[in-house]
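Below: the structure, in structure tokens.
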Amino acid sequence: MGFDFNYMLELLPILLKYLGTTMEMATWGLVFSLILSVILANIRVFKLPVLDQLSQLYISFFRGTPLLVQLFLLYYGLPQIFPFMVGIDAFSAAVIGLTLHFAAYMAESIRAAIIGIDRSQMEASLSVGMTTTQAMRRVILPQATRVALPSLMNYFIDMIKSTSLAFTLGVAEIMAKAQMEASSSFRFFEAFLAVALIYWGVVVILTRVQIWAEAKLNKAYVR
């Protein structure tokens, strides 16, 4: 049974219908992981007692274990210990898993970006009457965002690709649909190649967006 190019072309629009689920999952994961990572990064930067040690433990665990294992622990394991989690749906579990996993990586990128900002800028902000919170929000974080943007965009791209693991929880996204189509037609190569092409296309578009965003942010610093 040779390669069926026409079958792959017919499959592409079918799979694209599930791209919305994939992107929604990744977008919610990005939003929540950014919020959590900024909190973790600030805890690490200011070395808050107890919280700093807990954040280090959190980051170490989620960076040191596979995402698939984390998803299984979250969806299949925790409900056995915490009964209130029994009703959690697969989509929500996948979003939570992606959030917890990638926040650990993003937190370190944001922390490094904040530390990379000249200390004198914080001192100058405080000297004109700003509080530490105001200085972080108005002066430090905007500059840190420019520094951290490339790595954060790369993590978002990784997150989109990692949504393919959500089918193991039963989420009906691109990979799940491709698996179903491949199983019914026995055209596994064509089905998974179609998936690869869709992910590749999304990544190419996001890479262009990243280049544009970096140029936009760097424009203010070009003399």
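Any Cβ shown, glycine's included, is placed from N, Cα and C.
Look at Swiss-Prot and you will find 19-210 tagged as domain 'ABC transmembrane type-1'.
The transmembrane segment annotation in Swiss-Prot covers 23-43 (among others). Remote same-chain residues near the transmembrane segment (23-43) are listed as 51-52, 55, 58-59, 91, 94-96, 98-100, 102-111, 114, 136, 141, 152, 155-156, 159-160, 163, 166, 171, 173, 202 (criterion: CB distance under 8 Å, separation of at least six residues from the stretch ends).
According to Swiss-Prot, the feature transmembrane segment maps to 59-78 (among others). Sequence-distant contacts of the transmembrane segment (59-78) (same chain, six or more residues past either end, CB-CB distance under 8 Å): 40, 85, 88, 90, 93-94, 96-98, 100-101, 103-105, 107-108, 162, 165-166, 168-169.
Residues 21, 25-26, 28-30, 32-34, 36-38, 40-41, 44, 55, 58-59, 61-63, 67, 70-71, 74-75, 144, 148, 151-152, 155, 158-159, 162-163, 165-166, 169-171 of the same chain sit 6 or more residues outside the transmembrane segment (90-110) yet have a Cβ under 8 Å from a Cβ within it. Look at Swiss-Prot and you will find 90-110 (among others) tagged as transmembrane segment, backed by sequence analysis.
Within the chain carrying the transmembrane segment (156-176), a Cβ under 8 angstroms from the stretch's Cβ atoms is held by residues 15, 18-19, 21-23, 25-26, 29-30, 33, 67-68, 71-72, 75, 90-91, 93-94, 98, 101-102, 195, 198-199, 202-203, 206-207, all 6 or more beyond its ends. According to Swiss-Prot, the feature transmembrane segment maps to 156-176 (among others).
What Swiss-Prot records for 186-206 (among others) is transmembrane segment, and it gives sequence analysis as the kind of evidence.
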